[in-house]
Amino acid sequence: MTTQTVWRKPPFIKSPVLRWVFYIAVAAYVIGTIATLPIDWERTAQGLTRAQRIFSGAFPPSFERSGLLISGFMESLKIAILATTLGMILSVPLAFMAARNISPKPVYLLGRGTFILARSFHPVIVAIIFVKAVGFGPLAGALTLTVYSIGFVAKLLAERIEEIDFGQVEAMRSVGAPFLSTMVYAILPQIMPRLVGLGIYQLDSNLRASAVVGIVGAGGIGATLANAFGRYDYDFALAITMVIVGAILISEAVSGMIRKRMT
């Protein structure tokens, strides 16, 4: 009698019959979904020809209007910096509200509900709302990415507050320190490394997102890209795309280096 010496991960569904029934059901669902979607296959086939025309018109990329490109990128950078700054400032008190170990239940629920609401909508949807509210331009983009930053930073910061060493908080409370002093001297020093790391990451993320929300009119280089496509300037659009990709790669590398030095 031989024993199995190599460990194998057990299957998700032990019964082979049930496993095959599951596979067939998933395949049938996918096929049925594709068959019932209102897809114009003739138009889809024609899209290959249109894509070829777009790519042929995009090469070589045109950097002749570099001034417009640079101004659009600088606007995106300003939007990202402003949104990150506002988002971080607003996220700190919201994170304290949403930490169950330091906030009463009503305040905790209010804080949690606020950033859950901020995370519920895609930035493009929020951008459309702000464009309708304040008009086209960078203000709509900055407000959109501020909401986007709050939804991400406040959640992770609240989770970090819930993981702190509570002994320092109890020591401050035992000598009658008010809540604000306890927050500043016992909690904030413990979460500061996470706060700085989240700020660096969110700036990088907002720089990427600013290009996306700009397409719907929220300013930045995304708006420049949308205008280029609207004028059928595919060579200029390719140049803008290359700048966006290059900026994101550089931003990712720099933020990665900073985070590595902090750990």
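The backbone N, Cα and C atoms fix where each Cβ goes, glycine too.
Automatic prediction, not curation, is the source of TrEMBL annotations.
Sequence annotations record features per position, and here TrEMBL assigns transmembrane segment to 20-39, 79-99, 120-151, 171-188, 209-230, 236-258. What TrEMBL lists as domain 'ABC transmembrane type-1' is 73-255.
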Do the transmembrane segment (79-99) and the transmembrane segment (209-230) share at least 3 Cβ pairs closer than 8 Å, excluding pairs fewer than 6 residues apart in sequence? yes
Given the transmembrane segment (236-258), its same-chain partners at Cβ distance under 8 Å and 6+ residues beyond its ends are 58-59, 61-65, 69, 72-73, 200-201, 203-204, 207-208, 211, 221, 224-225, 228-229
Are there residues at least six beyond either end of the transmembrane segment (171-188) with Cβ under 8 Å to its Cβ atoms? List them, or say none. 96, 102, 161, 164
Which bits of the chain, at least 6 residues beyond where the transmembrane segment (209-230) starts or stops, bring a Cβ under 8 A of a Cβ in it? 68-69, 71-73, 75-76, 79-80, 83, 123-124, 126-128, 130-131, 136-142, 144-145, 148, 236-237, 240-241, 243-244
